[in-house]
Amino acid sequence: MDPVCWICKDDYSIEKNYCNCKNEYKVVHDECMKKWIQYSRERSCKLCNKEYNIISVRKPFSQWVFSIKDCKKSAILYATLFLCTFIISLVLTRINITKIIDTSKNDVSFKLVTMIFYLLPFVITCISFITLIVYLYKYCKISAKNNTYDTIYEL
């Protein structure tokens with residue numbers, strides 16, 4: 001009787017050893033083992049506790065596949081907020097602040113309120129930009145994980 005793969009139960013003719021298991025659990029196809037590790041995310045055999053000889057390889061960045069479903073709705077919201085506040089900041093900074101401050105008499109409170117009014121969009125833009133950078137970093141980490149594949153070798 002020919003040995004059978006313990007994953008797919010098909011006949012198996014080539015002996016490859018990925019762990020220290022004996023008997024029927026030693027026999028497994030290459031493709032079945034790759035799919036098993038990809039599905040289970042296990043790095044060692046559950047029966048004999050031997051670690052598999054796995055090397056994780058990340059695809060080159062030019063071959064990465066990005067998915068919008070990995071991007072959270074809040075990240076899209078922050079990107080939109082950033083663009084809106086950036087545009088508002090550009091429009092408001094085009095107005096000559098010094099002209100407004102100089103035209104007011106020596107009223108310090110008016111100058112202070114005017115400066116706060118014009119600096120607020122800039123501050124909001126900076127905060128939303130930092131938040132956007134954080135979300136982009138998280139998205140890149142998720143994309144890097146999704147664009148990594150494992151290669152398993154015999155012992």
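Every residue gets a Cβ built from N, Cα and C, even glycine.
Lifted from Swiss-Prot, the feature list:
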| type | residues | note |
| --- | --- | --- |
| TOPO_DOM | 1-74 | topological domain 'Cytoplasmic' |
| ZN_FING | 1-55 | zinc finger |
| BINDING | Cys5, Cys8, His29, Cys32 | Zn(2+) 1 binding site |
| BINDING | Cys19, Cys21, Cys45, Cys48 | Zn(2+) 2 binding site |
| TRANSMEM | 75-95 | transmembrane segment |
| TOPO_DOM | 96-115 | topological domain 'Lumenal' |
| TRANSMEM | 116-136 | transmembrane segment |
| TOPO_DOM | 137-155 | topological domain 'Cytoplasmic' |
Exercise for the section: Could you tell me what the rest of the chain brings near the transmembrane segment (116-136), counting residues at least six beyond its ends with Cβ under 8 Å? Expected result: 71-72, 74-75, 78-79, 81-82, 85-86, 88-89, 92-93, 95, 97
Practice task
Could you round the CA separation between Cys45 (Zn(2+) 2 binding site) and Cys5 (Zn(2+) 1 binding site) to a whole angstrom and send it over?
Solution key: 15
Problem - pLDDT averaged over the residues of the topological domain 'Cytoplasmic' (1-74) - result: 81
Handout entry: Secondary structure content of the topological domain 'Cytoplasmic' (137-155), with strand meaning DSSP E or B
Key = 10 helix, 6 strand, 3 coil
Completion exercise
Within the same chain, the residues 6 or more beyond the ends of the topological domain 'Cytoplasmic' (137-155) and with Cβ under 8 Å of it are 16-20, 30, 33-34, 37-38, 50, 52-59, 63-67, 70-71, 75
Completion exercise
Densest Cβ environment (other Cβ within 10 Å) across the binding-site residues Cys19, Cys21, Cys45 belongs to Cys19
Completion exercise
Other C-beta atoms within 10 angstroms of the C-beta of Cys8 (Zn(2+) 1 binding site) total 14
Handout entry: Secondary-structure category, per DSSP, in which Cys32 (Zn(2+) 1 binding site) falls
Key = helix
Handout entry: Same-chain residues at least 6 apart in sequence whose Cβ lies under 8 Å from Cys48 (Zn(2+) 2 binding site)
Key = Cys19, Asn20, Cys21
Handout entry: Shell list (Zn(2+) 2; ref centroid = CB of Cys19, Cys21, Cys45, Cys48; cutoff 8 A)
Key = Tyr18, Asn20, Tyr25, Lys26, Ser44, Lys46, Leu47, Asn49, Lys50
